[in-house]
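The structure under discussion appears below in the form of structure tokens.
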Amino acid sequence: MKPIEIGVVMGSGSDWDTMQHAVQILEQFGIAHEARVLSAHRMPDDMFAYAEAAADRGLRAIIAGAGGAAHLPGMLAAKTTVAVLGVPVASRHLQGLDSLHSIVQMPRGIPVATFAIGSAGAANAALFAVALLAAERPELRQRLQAFRTEQTEAARSATLPPTA
Ligand code: RP5
């Protein structure tokens, strides 16, 4: 079995609908990954243990999704030098603007790469992780380019009104 390279963590099982879009991309590119719930507020000790072990476990990046008072990405970043990619999950009352502000406003010195609210952000965080790995793997770079080409062709062949 290939060693896990990317961790996908989320503050609650209720974040899965959004975060599954990150997992789908990693599966599509054949990247060894894991997905688990890791709540900053409900299981803080587990969160710190995960962050502290991340580098020694060989994780290359952690994609962390959370909603509302979305402290998970920032607190993971506080405890590891592994790259943390933050995904704001849409919250019920504030539609994820709270999540976005919580994740993006990190103090200087502890970066979290922050993506769009919701499923596009989750997918893009995974594509970004693939791009990081592709820096050292030409075959992955080619697959990423093929993904872009396919997307371009789909956009070019779009008809109006849209069908699906
Ligand atoms: C956050 O609180 C989670 O990331 C989730 O987006 C939000 C709501 O969690 P649940 O109450 O649905 O478990 O910590």
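Glycine is no exception: its Cβ is also placed from the backbone N, Cα and C atoms.
Of the residues ARG36, ARG42, TrEMBL puts just one in the substrate site with SER12, ASP15: ARG42. Residues 5-6, 8, 17-26, 29, 31, 60-61, 63-65, 73-74, 77, 83-90, 95-97, 99-100, 103-104, 106, 141, 143-144, 147 of the same chain lie 6 or more positions beyond the ends of the transmembrane segment (112-135) yet place their CB under 8 Å from a CB of it.
Same-chain residues that are not part of SER12, ASP15, ARG42 yet have a Cβ within 8 Å of the Cβ center of the substrate site turn out to be MET10, GLY11, GLY13, SER14, VAL37, SER39, ALA66, GLY67. Applying an 8 A CB threshold to same-chain residues 6+ apart, the list for SER12 (substrate binding site) reads VAL37, SER39, ALA66, GLY67.
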